[in-house]
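What follows is a single structure, written as structure tokens, with notes after it.
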Amino acid sequence: MSWRTTTAILCLYGAVKEFRPATPFLTPFLASPEKNITLDELYSQVYPYWTYSYMLALIPMFILTDILRYKPIVMIEAIGLVATWALLVFGKGVWQMQIMQVSFGVASAAEIAYYSYIYSIVDRKHYKRATSYIRAAALMGKLVAFGLGQTLISTHTSDYLVLNQISLGAVCLVTIIAIFLPRVKSEKAKVSMRAHEIVEQQTVESVESVQTPKAVKMSYTREYFKKISEELQICSKNQELLKWSLWWALASCGVYQVQNYTQSLWKELQNNPDDVANGVVEFVNTALGAFLSLFIHHLSIDWTRHGQMILFITSAIVAVLLYLCSQTTTVLVAYSSYVVITSIYHMLITAASANVAKELSSNNHGLIFGCNTFVAVCLQSLLTLVVVDSRFLHLDIRTQFVIYSGYFALVASIFAFFFMISLFSKSSNAHTAQTTYEATNEIQEETVFLDQN
């Protein structure tokens, strides 16, 4: 199967798995008489379970993604989504919604396979284009879903439960699509062959001391983790890779947190609970995200030169908008700010994915993508535990957004610092080059003078 065909199937998978019209209305649905869960229970007892389960599930997921070569992990994501929406449709009470969030956390962790799968089948020269395609496909799925959801709610054609039933049907369909994804050619055979050669050599030396199947398995395991260690050591010396990975982790942490709790803020600002425009907001947000994900592919930006400056400016903008959200009494301001924040993130995470993939020297994209996401979710878990969880500060929703604003201000400060170092380094290098040039000219002039005399 050609890489174009595989990319098309992967894009179809991404579009259908994101076709979940109920997503923008999750908080109104859970707080409605249908589920009868209070807002305080939602953001202190239910939603934190997604963050914690996501963090714990990421560890095996980003290791197994490369070992199992992507497809099985994609299947786990699909099954996790089915379990999530089955619980949303049929479940009752706080504890079942907690299980629902755990299931969604596992599915979210497995999503790493979807975004790294493409790099195992596409030549390096196509990374930027392929990244744009798969991210745009996922965003287009959201676009259609959110538009449909808002239309059905605004026209009173259906209620929140029907939206969740439609979402359940979509995630069941995506499980079938996942079956048709081709398996990526495994590197395990090559490693196992090398391990088998080692075992055969050991057998010649001491037949009684070797058990071939076990030795082969242990040799493969050692070989794989040795490869991981070597890959991480190489990555730790790549400044460009570290820069983008740092932004990926820090920005994803903040944006995930905002996405998790923004509906709680909107709920507080909405005067009429029956007149909810969450779907419109997510529709516009997703349309912009899809456009920017494709548009950035056509921009000729020197990310090595201008990356720190762009990351600094955009993080500062996000910090200002989040503070505005925390102080506003108008839901339209909160809606608009959210759209700008997530659009910035969609655009830059596409650039980050392509730049990180470009810097990698092997097929361990699942490992590196997983490491970045794992750091993000660890930070988010800490943030959730301290700021949101009922066992710690348990801050009100507006104060939470003040904290998130301060968090992005810190991110902006970090990249401002890197930007200043970069400017100083360039200035210093330019001065050194100029001094060297002048010294060389003086030597040449002296040489000419001596030759003439």
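Just so you know, glycine gets a Cβ as well, placed from its N, Cα and C.
Worth saying up front: this structure is predicted, and the values here are computed from it rather than measured.
According to Swiss-Prot, the feature N-linked glycosylation site maps to Asn36, Asn260. What Swiss-Prot records for 48-68, 73-93, 102-122, 136-156, 161-181, 276-296, 306-326, 331-351, 368-388, 401-421 is transmembrane segment, and it gives sequence analysis as the kind of evidence.
The transmembrane segment (161-181) makes no contact with the transmembrane segment (331-351): fewer than 3 of their CB pairs lie within 8 A, with pairs spaced 6 or more apart in sequence. Here the listed stretches are 102-122, 331-351, 401-421, and the one with the most C-beta pairs under 8 angstroms to the transmembrane segment (368-388) is 102-122.
Between the glycosylation sites Asn36, Asn260, Asn260 has the most other Cβ atoms inside 10 Å of its own Cβ, all protein chains included. Sequence-distant residue pairs (6 or more apart) of the transmembrane segment (401-421) and the transmembrane segment (306-326) include at least 3 whose Cβ atoms are under 8 Å, placing the two stretches in contact.
If one looks beyond the transmembrane segment (48-68) by at least 6 residues along the same chain, the residues whose Cβ comes under 8 Å of a Cβ in the stretch are 76, 98, 101-106, 108-110, 112-113, 116, 188, 224, 228, 256, 260, 363-367, 369-371, 373-374, 377-378, 380-381, 384-385, 388-389. Non-local neighbours of the transmembrane segment (102-122) in the same chain are 3, 6-7, 10, 13-14, 17, 49-58, 61-62, 65, 69-71, 73-74, 76-81, 83-84, 87, 130-131, 134-135, 138, 181, 184, 353, 357, 360, 363, 365-366, 369-370, 373; each lies 6+ residues outside the stretch with a CB under 8 Å from one of its CB atoms. In this structure the C-alpha atoms belonging to Asn36 (N-linked glycosylation site) and Asn260 (N-linked glycosylation site) are separated by 19 Å.
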